[in-house]
Amino acid sequence: MKLRRRKEPKRLMPIRDPKDPGSGVFTRRALLLMAAQTAALGVLGRRLYDLQIRDGDHFAKLADNNRISKRLLAPPRGLIVDRYGVAIAANKTNWRALLLPEETTDVQGTIDRFSALVPLDERDRARVAREMRHKRKFVPVMLRDFLSWDDMARIELNSPGLPGVLIDVGTTRFYPYGSLLAHTVGYVAPPNEQDVAKSALLALPGMRMGRAGVEQSQDDLLRGESGSVQMEVNAVGRVMAELDRVEGTPGDQISLSLDVGLQQAVLGRIGDQVASAVVMDCRNGEVVAMVSNPSFDPSLFDSGVSRAQWAEWTSNERTPLINKAVAGVYPPGSTFKPAVAMAALSSGAISATDRFFCPGHFDMGGARFHCWAKYGHGSLDLHQALKFSCDVYFYEVAHRIGMEKIAESAHAFGLGTELGIELPHQREGLIPTPEWRRRHGHHWNGGDTVVSGIGQGFVQVTPLQLATYTSRIATGRAVEPHLVRAVNGSVGAKAEPTNWPALDMDPKFLDALRGGMFAVVNEPHGTAPKARLDIPGVQMAGKTGSAQVRRVSRALRESGHFNSASLPWEYRPHALFICFAPFDAPRYAVSVVIEHGNAGADAAAPLARDIMTDALTRDPVNHRIPPGQTVADAE
Amino acid sequence: MVLPVKPTSGLANRSGAAARGVLAGLDPRKSGGKFRKRLLRAEPSFRILSKLWSVSWLYVLLICVLAGVGYVSLYSAGGGSARPFAGPQAMRFGFGLVLMITVAMMPPRFLVRIAVPLYIVAIGLLVAVLRMGHVGKGAERWIMLGGMQVQPSEYAKVALVLMLAAWFHRISYARMGNPLWLIPPTLMVLLPVGLVLKEPNLGTGVIIGGVGAAMFFAAGMRLWQIALLILPTPVLLKIAYAHLHDYQKARITTFMHPESDPLGAGYNIIQSKIALGSGGMWGQGYMRGTQGQLNFLPEKQTDFIFTMIAEEWGYVGGIAVIGLLLLLILGGMIMAIRSRNRFGRLLALGISVNFFLYCLVNLSMVMGAIPVGGVPLPLISYGGSAMLDVMLGFGLLMSVWVHRNSRFGEEREEQE
């Protein structure tokens, strides 16, 4: 016990050994330092509390922002189908070969071996090299797209020698009918930088934007809504895990009122003429066929149009890129006469039975305006004037009522106005007025009114306006042309004829116009006997037009050698014809404009008749079938 | 806790006879206890055994616990793998443990003797590293020595503590009053501080200066001397700032406004604060801390290891680590107080303050309280030099503890 007690001197603190000077000071100061150390770490513990507990939520949010990366998923673009559900703009899978640089030790060697299987040209190689410089090693680079089955089989077979090469599927827009519907359906192309700035969705690879036609006007519906995928990424952006995925909403399916079969028939009938034809359901304004010839291949825009191709298109005098049905403006010629007649009747200046004498020319203020019939038509009323398409009658009428009345009537029929059709780049045309002329710093002459009376001069309309005008005459309703019949299968209100308001015109006057147009086709000596339908019990009413594109000089006229067919193509008059049928229960309105086709009666009327025949017989339910006959018989 | 002491002989302590009778320590001439005396005389190997017995194994256990925390964290930092961090670090720790016990066996007399050569070697290495060292991450400099990367600045801290302890021991408390005796130790501090700042390593320079100051203070600097030193400090700081490198100034400015440069110099601070904050009370779970595992946190295995721990284990884990570190620091300080010789007291205090400053700078740095400065968290951060130097320091500390009752140095005073 004793020994043990002496062994270890144990004491608590502080040591203040009198034999050891400074030990007391040391102990005091060491204790002070310990207190300071404890306090310092306590302050840090307090700061840790502030960071972790007090502001924890704030920092947790920031941490999530760091690690969670949200990416949009491109939705499939909506289909465009015709009225019977035939796909006219679809999505085609596009098989692509991608290279993941980090999975191969020898990038150049892999590319070379790939090139031996699927040839890569210098442009491809340069693009791959450029993309690889700018992207991180775990981001795939596209080697080639639009792989064929053979290409893919070769790649799969040789995959052991192609480390890092993977095959991926994307989509491209596909137009099964190509140039047939190019103007109406339009085309898509990659969005440009301004578009991308407006919508994050468009920034996704593979997204396309409608650039023309319905693809452009219905782009918002067709595009759909993006899905999103939430991914956990690390500090350099590599994806570590997928946290959440919301699939996008595919774009809406747009059903057009077009009938692909009829469209094909119309184009086939037009052949290689530079022409435009519109077939409209005159009860509700649905455009059943819309042809503008020549056309172009819309699928070229998806992958990029070559400079040479573009130059060829834009320099072509036949303007293949322009949809002549809505953007081609032509003087309506004699097809304008019903509108003038309506203006005259509505204004009360004449009645349908008032007769005028046509000596073959109309003189006003020292100027002489000729009728197309050199020796005149003699005395005629409105019915006969329309039937013979007498110019002098309409010179006289126009002169009496003035331009404002004519313009008012023409606008009510849809001529020279912007129509509501779902197509971009449509042109308004022009119904000139003295006021318009003044705005452009010119004086309006009486002669301007007179030539406007026969649809010449400054008057300009589009084929679609002509079809609308015809529909309105036929039904007396203010139908608007439209192409979109249904979205996702639900048919819109426009399809119902009774939803269209009646025109603010006297039905008696409309009947007078219809009667005159009936006579044009069906009565003896009408201007368009060639337009007579060969369907029993179905009659068509129409109006011809031959619109001069340059003034016929007096010398030429008097030389007696005036034969427009001998002129150079670009000086020949345009041939026009408008019509509707069946006469007593109008169903379709057709307008045909053949550029430089000479006489409407000879070039346009038979064409319109064939189109109308096809349209009517294509839809047998609407045929007038005499009792005792079957549908098949009626065919 | 660390020191199992009982308030037994406070009175006996004061009596000179008792004090003389218990001249403990391991000087055979003065040791008390017949059995033990015999034991120590008999065989050197028994003497070692006895010394081993008096090592504070509780303290060693505490060191092991913190190294264990380091291992677990480095395992997580390695993405759930012992490689590349945890395994090598464990080996270094094992080696460091042996080094520590070995150093703990060294008597103070021997340590005083080697203090000067070690200090000279340290200064030599600091000069060498300036001449031909490799620069890593802008601040830490290292040289290859016998196939090992050595950071002389880490080692210099231990050497300086030893040197100062030896010096103050030599001049005794009485001479502290004469400023002339304080000039050599001041130069001893300023020399390595200057060399380290020139590396340039601001963090370590500040720590060395701080350790030196603490030792001056504890050695018994007079209060008027302290006052004389503190008064001109603001002026000196201004001059020092003017001489800082541009990137060091940039650190100070980005520290003031870290958001001004979120992807540049402020990135580390911001990401560290985000990681800490997202840990919350209980943490995101072991190996599930998003900031650390997804590499948003830079240097997570070295400077920012504490951030990762606090992210994965939350406030609870962070406070636990700070608590363990505080236990080590206070334990070392108590060992200093308990030493009966001036050398031991100052050595142990220097080592403890060094360890404390290490922790303080690192923790303040990761919490965004001071500018970032390449200072690892001792025992936990990945790094060989730091680990070995910390263990060397603990070895010295343990030597002080083992030899705490040595009246080493007194005989010289008696002779005078």
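One-based numbering along the chain as shown.
Cβ atoms are placed via backbone N, Cα and C, with glycine included.
Annotation source TrEMBL lists transmembrane segment at B:57-78 (among others).
Taken from TrEMBL, the feature transmembrane segment applies to B:90-108 (among others). Counting residues 6+ beyond its ends, the transmembrane segment (B:90-108) has Cβ neighbours under 8 Å at 26, 48, 51-52, 55, 60, 63-64, 67, 70-71, 82, 341, 343-344, 347, 384, 387-388, 390-392, 394-396, 398-403, 406, 408 in the same chain.
As annotated by TrEMBL, transmembrane segment applies to B:114-134 (among others). Note on the transmembrane segment (B:114-134): residues 141-145, 150-153, 155-156, 159-160, 162-163, 165-166, 188, 191-192, 195-196, 198-199 of its chain, located 6 or more positions outside it, place their CB under 8 angstroms from a CB of the stretch.
TrEMBL lists B:179-197 (among others) with the feature transmembrane segment.
Sequence annotations record features per position, and here TrEMBL assigns transmembrane segment to B:204-224 (among others). Sequence-distant contacts of the transmembrane segment (B:204-224) (same chain, at least 6 residues past either end, Cβ-Cβ under 8 Å): 153-154, 156-157, 160-161, 164-165, 168, 173, 176-177, 182, 185, 188-189, 192-193, 196-197, 336, 345-346, 349-350, 353-354, 357-358, 361, 373-375.
The transmembrane segment annotation in TrEMBL covers B:313-334 (among others).
Here TrEMBL flags B:346-367 (among others) as transmembrane segment. Long-range contacts of the transmembrane segment (B:346-367) within the same chain, counting only residues at least 6 positions beyond its ends with a Cβ under 8 Å from a Cβ of the stretch, are 108, 111, 157-158, 160-162, 164-165, 168-169, 203, 206-207, 210-211, 214-215, 218-219, 272-273, 276, 303-304, 306-307, 322, 325, 328-329, 332-333, 335-336, 339, 373, 375-378, 381, 390, 393-394, 396-397, 399-401.
TrEMBL lists B:379-402 (among others) with the feature transmembrane segment.
Comparison of B:179-197, B:313-334, B:379-402 by number of C-beta pairs under 8 angstroms to the transmembrane segment (B:57-78) places B:379-402 first. Beyond its flanks by at least six residues, the transmembrane segment (B:379-402) meets 26, 51, 54-56, 59-60, 63, 66-67, 69-70, 73-74, 77, 85, 88-89, 92-93, 95-97, 99-108, 111, 142, 148-151, 154-155, 157-158, 161-162, 301-303, 305-306, 309, 321, 332, 335-336, 338-339, 344-345, 347-348, 351-352, 354-355, 358, 362 of its own chain at Cβ-Cβ distances under 8 Å.
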